[in-house]
Amino acid sequence: MLILISFTALILFFLAGMNMLRKGLISMAYSKIEERLLLFTDHPLKAFLISIVFTGILQSSSAFMVIVIGFVSAGVLSFKRTIPMILGTNVGSTFTTEFIAIKMDIVIWVLLIGGLLFFLTGRYPLKQLGTSFLGLGIIFFCISGFSHLAGPLTKLKTGADVLYHVNDSNWSALLIGMVLTAIIHSSSVCIGILMSFMNEGIIGLTQAMSVVLGSNIGTCITAVMAAVSGGYAAKQTAYAHVVFNVLGVALVLPFLTAATGFVEQLSPDPAQKIAHFSLLFNVVTALLFLPLTNLFYRLIHLLIPAK
């Protein structure tokens with residue numbers, strides 16, 4: 001029981017750290033992030049690139065999609081203009097996973113203590129920088145905690161059952177990644193936990209790649225929930241996010257086992273292998289779909305016609 005409580009607490013702290021990092025970055029970078037975002041949506045390539053940047057700042061594709069759906073619901077952004085932004089936000093979300101894959105155990109306390117001192121100054125931009133440092137320190141502390149709990153978790157019946165299904169087949173691993181991400185509303189937390197288990201040699205690379213693919217689908221749940229009370233354009237935007245991610249996974253999943261050898265060569269570090277795979281998957285699928293935005297727009301209109 002204590003292990004499960006500790007694991008749950010680490011997830012909550014990880015989410016809190018992500019929120020602190022996001023707030024600090026937004027405060028330092030842009031005072032009116034939403035208004036500035038609208039200036040760059042007049043061309044698909046510009047919308048694609050700016051969504052990568054803003055998702056990197058927000059540290060969350062879910063948060064970015066909630067903002068986008070809010071604009072669509074308000075009628076200041078058309079559904080068609082959101083399609084390249086959906087492609088870009090998936091790429092931008094991989095910045096977080098690349099960052100947390102770096103081994104930074106030795107600087108955790110430097111980030112926490114330094115962040116606290118900066119925060120206590122109460123001065124701009126030191127306070128905002130301190131908030132980001134504190135958030136980052138908490139994230140790396142949680143990653144370290146997940147690694148320490150990975151072994152004990154496998155000895156629990158629930159943990160053993162989940163790991164059995166993850167390692168049983170790619171489909172099971174994909175489903176678990178999708179459900180876990182949908183429950184905690186953060187693909188970064190899901191992949192952070194996955195990296196910790198990989199570092200302990202508990203999960204194989206191919207199965208871990210499947211979890212990443214599932215996480216890409218599960219992360220869409222926040223956008224779908226945000227669009228429930230919106231109009232048809234908002235619903236089209238949310239479901240376009242789902243359809244794009246499902247199609248991307250469907251394209252890659254049949255070749256996953258064959259791609260494992262290539263991913264194996266990307267880095268000697270297990271966590272970085274997963275981070276690099278997530279980046280490559282999202283970049284490749286985004287570049288494949290970007291020239292097809294008009295076709296994709298018509299497809300969504302067929303699936304969810306406006307009334």
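Numbers here mean position along the shown chain, with the first residue as 1.
The backbone N, Cα and C atoms fix where each Cβ goes, glycine too.
As annotated by Swiss-Prot, transmembrane segment applies to 1-21 (among others), with the evidence given as sequence analysis.
Feature annotation from Swiss-Prot assigns transmembrane segment to 52-72 (among others); the stated evidence is sequence analysis.
Residues 126-127, 129-141, 143-144, 188, 191-192, 195, 269, 271-272, 274-275 of the same chain, all 6+ positions outside the transmembrane segment (99-119), place their C-beta atoms under 8 angstroms from a C-beta of that stretch. Marked as transmembrane segment by Swiss-Prot: 99-119 (among others).
Swiss-Prot lists 133-153 (among others) with the feature transmembrane segment, giving sequence analysis as the kind of evidence.
Long-range contacts of the transmembrane segment (174-194) within the same chain, counting only residues at least 6 positions beyond its ends with a Cβ under 8 Å from a Cβ of the stretch, are 11, 14-15, 18, 59-62, 93, 96-97, 100, 139, 142-143, 146, 162, 165-166, 203, 208, 210-219, 221-222, 249, 253, 274-275, 278. Positions annotated as transmembrane segment by Swiss-Prot, on the basis of sequence analysis: 174-194 (among others).
What Swiss-Prot records for 208-228 (among others) is transmembrane segment.
Sequence-distant contacts of the transmembrane segment (242-262) (same chain, at least 6 residues past either end, Cβ-Cβ under 8 Å): 86-87, 90, 170, 174, 205-206, 209-210, 213-214, 216-217, 219-220, 223-224, 281-282, 285, 288-289, 296, 299-300, 303. The annotation transmembrane segment is assigned in Swiss-Prot to 242-262 (among others).
Among residues of the same chain six or more beyond the transmembrane segment (277-297), those with a C-beta under 8 A of the stretch's C-beta atoms are 44-45, 48, 79-80, 83-84, 87-88, 90-91, 93-94, 97-98, 191, 209, 212-213, 216, 240, 243-244, 247-248, 251-252, 263, 266. The transmembrane segment annotation in Swiss-Prot covers 277-297 (among others).
Note on the transmembrane segment (1-21): residues 59-60, 96, 131-132, 134-139, 141-143, 145-146, 149, 152-153, 156, 158, 184, 186, 188-189, 192-193 of its chain, located 6 or more positions outside it, place their CB under 8 angstroms from a CB of the stretch.
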